[in-house]
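The transmembrane segment annotation in TrEMBL covers 42-60, 81-101, 113-136, 148-169, 286-307, 327-347, 354-375, 381-402, 414-437, 443-467.
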């Protein structure tokens, strides 16, 4: 990756990280408050409606968002074509979902699902007006603008509208109206930042290149969405709304930090990977570096969540959510694999290797359904275990794909996980021993969790940054070299980075 592109990527990463951290903190606070104002059934109902509506999202755009980002040369006519298609599809999908909503109520044997689906269906119409603007912001790597829009819309929609309505007794409708408010505010804010042409266009050559790529992306998106939501559909169908509410909150506790970390990076990585799509050697190196750095962060964080699960559930959700603890612990093993493997999928997208990705997704779905059927007798923990084993298999399938596409060996791919697994294991063992001691002393749960958090932070800093594994050490040095950050000693940040690099990280051989 050239220094110019790397510098832009790093700048984008800084703004996206700032936005993500702010949103993550607000989401934790919002979830904690809403878990005390609403019953598990409310979260279960809205989760089911969200799953159903998620299918429509892929048909409502036909993959044009990704096509806008991936296309090397994008004309004004292409932009108008994408906007025209998005708006028309938004109208069509809104109408279709409105009339089909009662079918969802029949499938889940719960009539309350239908009105929720109907109201939330208007998000398709609104998203039709915003999707093109959001894609252009990402393509142009304007992550500061995206961060402002996302943070402002979240504060108003969830922290104000959602919490106030829940407090006033609106029940699950408070979740619904908060979601719709955010969609509206995001549409307004994103268009204000871009202001692209909104005039329709009827000229097929402007549509053709977008549909060639976007149609496959849309089909692939539907498949990926189905497998990613299978656990929610099956838990809701087999175990009911109460168990689904427990499951989705446990999933949220580990998924939220992982999603925010990887979302921060993936927003920058996809446009960066796309710009390197014709240089396989460089793309392979950037891919391995990305996996190493990501695993070094995600795995230790998840191991910390696994050990601190009892305290985390009691503090964030409350005493009545104790059933979520074992589910959260199993999911803490599955979720990091899922998000790390996501980068293999991004490579397939950037290289337009969509047929291979479709095959992997179909195989994975079949395997996952089989695992669910095999382990359903173990209840919620069994469903979580099925997700874990399924993600391990999916990771193996994508490693075969990366060997074919990027010519990176299995050894080099597995090597990327060593620092994360080693550091995660050390952190888990140390914090587990500390937790046993603290629980034996019967200290307040807040005190125990604070000490667990402090221990995780200190150990993470120690193992990841101060005394990193040699594989991680090389990657950190390469990242600093590529971005040229150590060369800038005029700023306080530049001097700190330069001192860190010179005192801790040695230059890797051959660089």
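Every residue, even glycine, has its Cβ placed from backbone N, Cα and C.
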Open item on the list: Six or more residues beyond either end and a Cβ under 8 Å away: which residues meet both conditions relative to the transmembrane segment (148-169)?
Closed with: 19, 22-23, 26-27, 29-30, 33-34, 37-38, 175, 177-179, 181-182, 185-186, 189-190, 193
- [ ] Would you confirm whether the transmembrane segment (414-437) and the transmembrane segment (286-307) meet the contact rule of 3 or more C-beta pairs below 8 angstroms, pairs 6 or more apart in sequence?
- [x] yes
TODO: Quick one: find which recorded stretch in 113-136, 286-307, 354-375 has the most Cβ pairs under 8 Å with the transmembrane segment (443-467).
DONE: 286-307
